[in-house]
Amino acid sequence: MSKFDLETLRHSTSHILAQAVMEIFPGVKLGIGPSTDDGFYYDFDLPQAITPEDLPKIEKAMKDICKKNQKFERQEVSKEEAIRLFEEKGEKYKVEILNEIDSDKVSLYRNGDFVDLCRGPHVDFTGRIKAFKLLSIAGAYWRGIETNPMMQRIYGAAFPTKDELEAYLTNLEEAKKRDHRKLGKELDLFSLHEEAGAGLVYYHPKGAMLRSLIEDFMKKENLKRGYEQVYIPHIAKIDLWNTSGHTNYYRENMYFMKIDEQEYVVKPMNCPGHILIYGRKTRSYRDLPIRYFEFGTVYRYEKSGVLHGLLRVRGFTQDDAHIFCREDQLEGEIIQTLDFIAFVMKTFGFDFKINLSTRPESFAGTADNWDKAIAILEKALQDRGLPFEIDPGAGVFYGPKIDVKLKDSLGRAWQGPTVQVDFNLPQRFNLNYIGEDGKQKTPVMVHRAILGSLERFIGALIEHYGGAFPFWLAPTQVSILPVSDRHNDYAEKVSAQLKEAGIRVEVDSRRETIGAKIRNAQMQKVPYMLIVGDKEEQAGTVAIRSREKGEIGVKSIQDFSFDLRPEMRYNS
RNA sequence: GCCGACGUAGCUCAGCUGGUAGAGCAACUGAUUUGUAAUCAGUAGGUCGCCAGUUCAACUCUGGCCGUCGGCUCCA
């Protein structure tokens, strides 16, 4: 079935959903009901709440409609006639849509006694619809506008065949097993605490190991590319944020505090800090570009309803950098950054999508500078042949940005890497450098993060690997499992040798059966298990079991350690 | 923030229409000394998210708050 037909099928299913809901809840007012990536939804305005218990009832009614094999009939009517029809029915949302349609003619689709304003197309008969399932109910603002009334949205999945639907549902179950919040608990990586505050992350030793491995990797790669690391404080007087414009444009995301009658701000961004360092002395055009990077922890107030495990939090650490450069260096810097992003994404095996986010309604600086900045970003993307979509109005207040989206286990996209061009903050802070002609010039800034935030990146990474990290990232790389406690000493000896070689090792010396120890290590997704008993102790060897392949043979300790060396590198 | 659902031991979850709580796993103790995904037995562990209210009596009902989940809006 082609993509178009699948959309048609799903859209038709949404009509049947609306039809069924009208049967069960007379008086319901209809919103809109489009197809989605794997199904459909329909929005309803109803005084009472639709509950999960209603879904089976609605599904049953939908199946009955399909069985009746009603014909979908298209009807063209004048706009006035349509408005009259829906006004009679009290469908105020449909009337609202109609009033905004330009053309004089509109189309209606009828099946049975159900009629909906609809561009179409639809399947010919309701009997074509064979495999669907209602999944969830959610609130959704009418037309997606926060100040509009909240409708009740029913989501469903629909496929051409039952097998495809089953496969989809199974896949959904599998995806839930990879959820970073579940794996974070099971693998003892991190926690969030109700008593400490929402959206604030506590890294346990294994999670901290994972994070520091990523930080080490990023630090090395930044230094390689001409960045210099800096550190800045987490709070600063409000004056700094008045200068930067944050108190104007970013206020609702900021935490304020008073110290000695002075108002302070907990930093929501790192840029002003890096700017202060740049501005400390006179710079020559020869000094540029200057690239400052740090793992900068920021705190942003996020609405309670948007928090989501590690993927959306209130306190997070960005692998942030600010490049101060001349205008003629800008494009080169952006291209270098894009290449850096591509390299890192490839290292972790992430697929990504790129957006170019343009000027928001509320912005600092001039429209001319914004246009210039957007043009440069666009050119850099084209230069690297990277496909992208425009995300209108999604830029930050000081400049446009290239956003790279990472996907979680359920296919939801989260913004990670970002590159932003900024002509504004350098002006606001009076930054300058002495040009070739001896005159003061204003530098341009590039704000960039390669991972985005460590929290979000780690959350996505956990789901990407399903918790089974590659060897170089595994918090515990090797688990040594003595067969009985008389082999504990030998296990410690093996452990010491491997640690000497820089391998992260654990010894499971509990008085448990070897089966229980293997099961535990396997569930903890440790890449290698070394079983040591009498045979191994006598021969000075280890029996190797791989997380993926099971038993893979016996080697001397030295050989095992030696053979691991390629896997210890991230570019293996 | 908004709509809806949920919040019981470290984890996963039972607990009917109100009569103050249970299982499995984990932990601890003991026995077992074990060869590639769970040895057996015992012990301990909870102010049932928090605060009010209704009631003779609240894990159970009502309200507020905190937090979580699915969305919407917003974002790294």
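In case you wondered, yes, glycine gets a Cβ from its N, Cα and C as well.
The Cβ of A:His322 (Zn(2+) binding site) has A:Asn270, A:Cys271, A:His274, A:Ile275, A:Tyr278, A:Arg291, A:Tyr292, A:Phe293, A:Met445, A:Val446, A:His447, A:Arg448 as same-chain neighbours under 8 Å, each 6 or more residues away in sequence. Under the three-state DSSP scheme, A:His322 (Zn(2+) binding site) falls in the strand class. The Zn(2+) binding site feature in TrEMBL is assigned to A:Cys271, A:His322, A:His447.
According to TrEMBL, the domain 'Aminoacyl-transfer RNA synthetases class-II family profile' annotation covers A:179-470.
Taken from TrEMBL, the feature region 'Catalytic' covers A:179-470.
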Env. residues of Zn(2+) site, Cβ within 8 Å of mean position of A:Cys271, A:His322, A:His447 Cβ
A:Met269, A:Asn270, A:His274, A:Ile275, A:Asp320, A:Ala321, A:Gln420, A:Asp422, A:Leu425, A:Met445, A:Val446, A:Arg448
Within 10 angstroms of the C-beta of A:Cys271 (Zn(2+) binding site), what count of other C-beta atoms is obtained when all protein chains are considered?
22
For A:His447 (Zn(2+) binding site), the number of neighbouring Cβ atoms whose distance to its own Cβ is within 10 Å equals 23
DSSP on A:His447 (Zn(2+) binding site), three-state: which is it?
strand
Restricted to the region 'Catalytic' (A:179-470), the mean pLDDT of the model is 94
